[in-house]
Amino acid sequence: MSDKRNNNGNSKDEQLEQFRSDERDKHMTTNQGLKVSEDEFSLKVGERGPTLMEDFHFREKMTHFDHERIPERVVHARGYGAHGEFELYKSMEPYTKAGFLQEPGSKVPVFVRFSTVAGSKGSPDIPRDVRGFATKFYTEEGNFDLVGNNMPVFFIQDGIKFPDLIHAVKPEPDTGYPQAASAHDTFWDFIANNQESAHMMMWLMSDRAIPRNLRMIEGFGVHTFRFVNAEGKSHFVKFHWKPTLGVHSTVWDEAQKINGKNPDFNRQDLHESIKNGDYPEWELGVQVVPEEDEFKFDFDVLDPTKIWPEEDVPVEIIGKMTLNRNVDNVFAETEQVAFHPGHVVPGIDFTNDPLLQGRLFSYTDTQLIRLGGPNFHELPINRSVCPFHNNQRDGYGRQTINVGNTSYHKNSLSDNHPRPASEEEGGYVHYQEKVEGRKIQARSESFKDHFSQAALFWNSMSEPEKVHIKEAFSFELGMVHDKDIRQQVVDMITNIDLKLAKEVAENVGVTAPVEGGSNVKKSSPALSQENTSHKPDTLKVGVVLDQGFEGKSVQQVVDGLKEQNTHPVVISTTLGKVKGSDNSDLEAEATFDTGDPVLFDALYVAGGPDMDNAFKRNVSYMVHEMFKHYKPIGATGDGQKILESVNVTGEAGVVQNDITDSFLTSFIEAVAAHRHWDRQV
Ligand code: HDE
C-alpha cells in the first residue's frame, strides 16, 4: 500500500480511502468481527439481577470507551484541520531542488491544522492568542511540514525558554485559571522579565490575535530556513502564506461575546466554507536572501524575534494552496496528525536559529506521549504518499508487516537493503555549513536589540490599529493584580513608544514615563492588515425581516448580495417563512435568540410595516452591536426608522436608501470595507 507512487493532487485522498470505514447498511459486530445481537441490555442473571463478567460485548464496549481519550497537545491543543492542494506557479529551481517546487502547474496534496496556542482542547475559538498554521505537504520525496504561526516572530530567542513561556501563559497552577488567556500575572511577569518578547507583544496586542475567521489569517514559517539548489548553493528563506481574501479581525468586545455565543465560531466557519464551496486560499510567498548577504542587515537573520521587512526583501509569490475537503473524522485526522519542523525534503534545510534548533527536538518527543509510541508515522493521516523503508521495528501499534530476516544495516543476507540513497538518487544530504566555535551558553550580541522592530511595527500601524493595541495592553495589564508587573511592562513599552506607554500607564494606574521612546522612524506598510485586500466575498449578512416586508425590493437586495458572493441569512422573530407585502416569502434561518449580531459580518434591516415594540427593541440591539463593532449596516423601507431611532444615520458604513439599485451599490461597498473605523462609537 505504501509503495504507491502518485504525484497527482489526490494521492493522499486515495491512500486515506483504504482506511475509511463506512458503518451504514452494516450489521454491528465486536472488534473480532462477531455479529452482535443485543446492544442495549447487558447480560444479567434474571431481569433484575447482576451483570455477568462473561458479557464480552459489554466488556469490550466499555473498555474501549474507558480508553478513548489521548493527552491533548501541550500547546496548540485546540485545532481544526482540512485537506487541500498546493499548486506551484513559479519554479524555484534556481534556489532549491525540492521536487514539489520545480514544475509550474504541479500539485501536491496538503493537510492544514489551525490552532490556538494556550487554551485547552475545549476552549473557545477567539481568545487573544497566536494562531498555529501547520501545513503538511505530501510530496513524492516525503512529507514536508511547514509548522508556522499567523505572526512572523516569536516570544523568545532560544528553545530552552519555551517550557517557561508556556508555564507562564497557561492557567496559573495554584488556581487553575484563567483558561485560554494571557491577561494574568504570570504571563506578564514572564514578559517583563524576558524583554526579547517586546516585538511579539506588539503582534499579540494587535488585531492579528483575534481573527474574524481562519480563512483570513496570514501564515509565517517564522524561522529562517535554507533553500539548497542542485549545485549545492544555499539561500536563506522565509515562508509566508497570504490569504486571497485579505487579513481581517474581530474587535475585542465582539471576540469575547462570540466566545460565549458560539465557541466554535472559527472552526464552524472553516467547515461550512469548505462544505459550501467557498474554498479558502492562500498564496505561498518566499523571501530569499543569498548566503553572502547574511550580515547585511541591521538585525541577525537567525533571530526569530525579527522580520525581514517586505519593502527591503520582497516576498515573491510562488504558488497557491486551496483547502477543498473537510476531514471525515476529526479524531483520526485533525487530532492524530503529527507535525514536525524537522520533516523536510531534499533542497530544504535548517539554519542555526536557536529556536528552530530547539523545536527540532521537541516535536517527535511530544508525539511519543501524545500518540502512544514510535509508530505514529503509520497512522493514515501521517503516512507519506511515497514509500518508507528502514530498519526500525516493533513498538506499540505497529501496522507494517516487515518481511525477511534482516532489520539491520549493513547486511549481506538482504543484499544490504534497505540501502541508503546517494544524493543523485534523492538521498537527503545535510547542508555542509562550516561552523566553528567554543561550547558556550550565551546570547549573541547581534540578538540583543529587542525594541527597534517593535517600534517598526508600531510605526506601521494605521490609527485604528494603534488604538486597538493601546486598548489591548490596557485590558491585559488591567487584569494583572501585581502593580510592579504592570509598571515593569509599561517601562518596557517606553522603549517602543513614549505616547503609547504614557496612555497605557494612565489606564492601568501606574507611573507614566516622562522620557523614552524609539529612534526608529521607519515603517513597513506590509505590516498593516488594513493594507491587505477587502472583498465582500463569503461575508455573512444578517437580513432582518418582519411580516409584510417590501417583497420585491428586498428580494432584489438579497439576490444582489448573493451575486456578490456574500451569504445573506434571514433573521426574524421565529424560524420559518416570512411573508412579504406581495405574498412572496423568504425563509428565516435564525431568530433574535440564535442570530446574535456578533455572528454576522454585516446587517441589512428591512423590517416590516407592523413591527411591534419587542421586534424594534431586538433590532435596535442588533444595530447597536453592529455599530459598536464598526460593521456595515444597511436599511431600506421600514428598516430605516430603526436606524433613525438609534441615531446612527449618516455615520460611516451606514447605508440607507429606498432606491434598490443605489442602495445595493453603496451597501456592497460598505460590506467590502469590512469595518468602518472612522465611526464615532
Ligand atoms: Fe511549537 N510545538 N514549539 N511552535 N507548534 C507544538 O508539537 C515547540 C513554535 C507550532 O497543529 C508541539 O505536536 C517548542 C514556533 C504549531 O499539531 C510541541 C518551541 C512556532 C503547532 C511544540 C515551539 C510553533 C505547534 C505540541 C520553541 C511557529 C501545532 C504538539 C523552541 C513557527 C501543530 C505538537 C499542530 C506544536 C514545541 C515554538 C508552531 C510541544 C519547543 C516558533 C503550529 O512539540
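Every residue number used here counts from 1 along the chain in the order it is shown.
Glycine too: its Cβ is placed from the backbone N, Cα and C atoms.
Automated prediction, rather than curation, is the source of TrEMBL annotations.
Keep in mind the model is a prediction, meaning the values are calculated, not measured.
As annotated by TrEMBL, compositional bias 'Basic and acidic residues' applies to 1-28. Under the heading region 'Disordered', TrEMBL lists 1-35, 515-534. The feature domain 'Catalase core' is assigned by TrEMBL to 29-417. TrEMBL lists Arg73, Arg113, Phe162, Arg359, Tyr363, Arg370 with the feature heme binding site. Residues annotated as active site in TrEMBL: His76, Asn149. Annotated compositional bias 'Polar residues' per TrEMBL: 520-531, in sequence order.
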Exercise. For the binding-site residues Arg359, Arg370, which one has its C-beta crowded by the most other C-beta atoms within 10 angstroms?
Worked result: Arg359
For this session: Enter the number of other CB atoms within 10 angstroms of the CB of Asn149 (active site).
Result: 24
Problem set entry | Rounded Cα-Cα span from His76 (active site) to Arg113 (heme binding site), Å | 10
Exercise. Under an 8 Å Cβ to Cβ limit, what residues of the same chain, 6 or more beyond the ends of the compositional bias 'Polar residues' (520-531), are close to it?
Worked result: 207-208, 246-249, 307, 309-311, 315, 451-452, 455-457, 459-462, 464-465
For this session: Would you mind reading off the Cα separation of Arg359 (heme binding site) from His76 (active site), to the nearest angstrom?
Result: 14
Problem set entry | Other CB atoms within 10 A, centred on Tyr363 (heme binding site) | 16
Problem set entry | Cβ contacts of Arg73 (heme binding site) (under 8 Å, same chain, 6 or more positions away) | Gly79, Ser115, Lys121, Thr366, Arg370
Problem set entry | Spatial separation of His76 (active site) from Phe162 (heme binding site) - C-alpha basis, Å | 13
Problem set entry | Pairwise CA distance, Asn149 (active site) versus His76 (active site), rounded so that it is a whole Å | 11
Seminar exercise, completed: Taking every pair from Arg73, Arg113, Phe162, Arg359, Tyr363, Arg370 (the record's heme binders), the biggest C-alpha distance in Å rounds to 21
